[in-house]
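As written in TrEMBL, here are the features:
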type   : residues : note
DOMAIN : 6-52     : domain 'Inhibitor I9'
DOMAIN : 159-444  : domain 'Peptidase S8/S53'
DOMAIN : 511-615  : domain 'Subtilisin-like protease fibronectin type-III'
Amino acid sequence: MATEDSPASERIVHSYKRSLNGFAARLTAQEAQELSGMEGVVSVFPSRTHELLTTRSWDFLGFPHAAGGAAVGGRHHRRHAGLQAAQHSANIFVCRVCMCPMKNPRQTFGHSAYTEFPVVSDEGFGPPPTRWKGARRNFTCNNKIIGARAYQGGATGLSPRDDEGHGSHTASTVAGRAVGNVSFGGLVTGTARGARLAVYKVCWDGGCGDADILAAFDDAIADGVDVISVSLGSSRPRPYFEDAQAIGSFHAMKRGVLTSASAGNSGRVGGHVCNVAPWMLSVAASSIDRRFTDKIVLGNGNTVVGASINSFPAVQNATLVFPVNGSCDPDDLAQGSYKGKIVLCPAHSGFVRNYGSGSFLAGAAGAVIVDSVTDQAYILPLPALVVTHQHQFDGILAYVNTTSNPVGTIETAETAGNPQSFHRDWSPAMVMSALITTATPMNTSGNAGYSELKYGAGQLNPSKARHPGLVYDSSEGDYVALLCAQGYNATQLALVTGSNSTTCAAGSRGDLNYPTMAAHVVPGKNFNVSFARTVTNVGRNPGGAAVYHVDIIFVASNASLEVSVSPALLEFSASSRTASYTVTVSGAAPSAADKVISVSIVWSDGVHVVRSPLVLYTANVDEHTSAVG
C-alpha cells in the first residue's frame, strides 16, 4: 500500500470517489497491463485527448417566447422546455463539461463585475436550494452561475475562466439569461435564455483529457446537477468502457441525470458519430433557415456572392490583386505589396482563417478566398468573403486579367432568411424519448441515400417534446442487459454499477427499449427481424383512457418489404399506463452493400404523433459508423 510520501502517491492524477469508483494515474505500459489483470479492476485504458465540438437556434427550433418568469433588463425571461437548458424552474441545474464561464475580463464576463452582463445576471434568482453541493474554485459566482471547477492533470489553483471562446459560446447557449436585442455586429439579433449554470472546465490548449473528463463527471453528479451538457468528443466512437463520456454518463443515468452530448465534428467528412452510448442523448448540428452572405461588386458591374460574417464597413473600389506565388499564407504575402488592396486567394491546402490572417497582416483592405466547404461562413480580421464554386473565382480572375485597373467593392454582410424542466419525475430515457419521437423528419435531397443514419431522428421540436403523448423508458437494468448481450460479464458489470445483484441472464436482449429501431441485413439475402417495444402514456390525461392507432410510413418505395405491427391499436387506462407492441420486418435486402431502407412507425391518438424511425442497412458498420437517435 503506497503512503502519502511514496512515489506511487505522486503519480495519482485523480481519485474518483464521489459518484464513480476509480482513479487516474501515470503508469508505464507494463504497470497498466498488470493492473488490468487484478481482481476487482473493470478496465484500464489510456487517457486520450478529445477535441471541442460545437443566435438563431432557439427561435429556429421553435422554443416558445414566454411561459412565465422574471424580467431581465426590461425583457421577459423565457422559462420553457429545452434540450440542454431545462428552464421551467430556476432550480434546474445545468452542468457544462469541457468549458468554463464567460470569456475573460471586460469582454463578456469580468472576474468581479459579472452582474454588469445581463446574460449571467442573477436578478430574480434566490440562493440555490440546499440540495446543491457544488463549489467554486478560483472564481466568483452568483446565484446564476452557482459552481465553477477546473481540471488539468490533478493540478490545483487553476482558473475555470474561458480564454478561447468555446466555453462562453456554449454556456450562454445552454443556460444564458433572456437578454433582448442581442446581436453580433448588427448581423444577428436574438435572445439568450437560461437556468442556473455550473461549469466544469476540462479543455485546454492541448485538448480535453479522459482523466479530467471523468473527474468532472464525478463532481458534477455528486454536486447535484440535473442535466449534463458535453461538447467534446473524438473522431470515432470507442468501446463503452474505454470511453470517458460513456462511463461518466452511465453513472449520471443511474442518478437520474440526463447527459446531452455533441454528435461530433465529422458530419461533412465521413458522417461519423462519436458519442453513441444509448444512455446519453447525442445531438448534431444542422443547417438553419438562413445564410450569412456577402458580395463583391466588380468594376464591370458583375456581382459575386459568397459566405461571410463581415461587420466591417464596405471596402470601396479597391484594387484587385492575385498573390505573386498563388498563396495567401502569412509568410508568402509578407514580402509583397498588398496594402489597401483586395487579395484574391485561390484554393489551397491552407485554412481559410490562415488566409484571412495573411491578408490582414499584409495590410490588405479585403480578401476573396476559395474554400471547398459549402456555405460555411467565417469570422475573419478584415472584410472578406468565401466562395466555393471555382467558376465564381475564375470569373473574378478573368475580369482582373482583361482590365488595366481592376477594382472591386466588398459590401457589408447580410442575413437571409426542455422537457426535463416540465417533467422533473421523468427518467433520462423518457426525456430522450420525448425529444426523439417528436422530432421533425429531415429527409431532404441533401440527405438522399442515408436517411436517419445520416441525420438522426430529425430536427428537434422542443415545443412538441413537452407533450409527447407516449414515451419509451429504460432503466439501469435495461442498459445492463444490453451490455450483457454485447459480451460484458456479470463481474465487470457489478463493479461498474456498484450493485452486487447485477447479473447477466441467459439470452439477455441486445435490443434496448429505445424509441428508434435499427438492424443490419446481409446484402441480397432474405431477412426477418423483429423489434419489441413498450410505451408509457404521458399524454395530457395520463391517468385516463387513451387509444393510439399505428401508421406505417415508407420514406421511399419498398415493394419487396413487408412491415407489420402487432397489435395495431394500443389502449391505456388509469390502471394500465403501459402497453407493448412488436414490429416485424421481412423481405429481400438490397444487393448493394451501401443501402439504407427507412420506415417510420407512427402512433397517434388524434392529438399526439409519436414517430419512431426504423432503419435497415446493408452498409458495413466499420466503414459507416453511425447512430440513430
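Cβ coordinates are placed from backbone N, Cα and C, and glycine is handled just like the others.
TrEMBL entries are annotated by machine, without manual review.
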For the domain 'Inhibitor I9' (6-52), the number of residues DSSP places in helix, strand and coil: 12 helix, 13 strand, 22 coil
Secondary structure composition of the domain 'Subtilisin-like protease fibronectin type-III' (511-615) [DSSP: H/G/I, E/B, coil]: 0 helix, 64 strand, 41 coil
Model confidence over the domain 'Subtilisin-like protease fibronectin type-III' (511-615) (mean pLDDT, whole number): 89
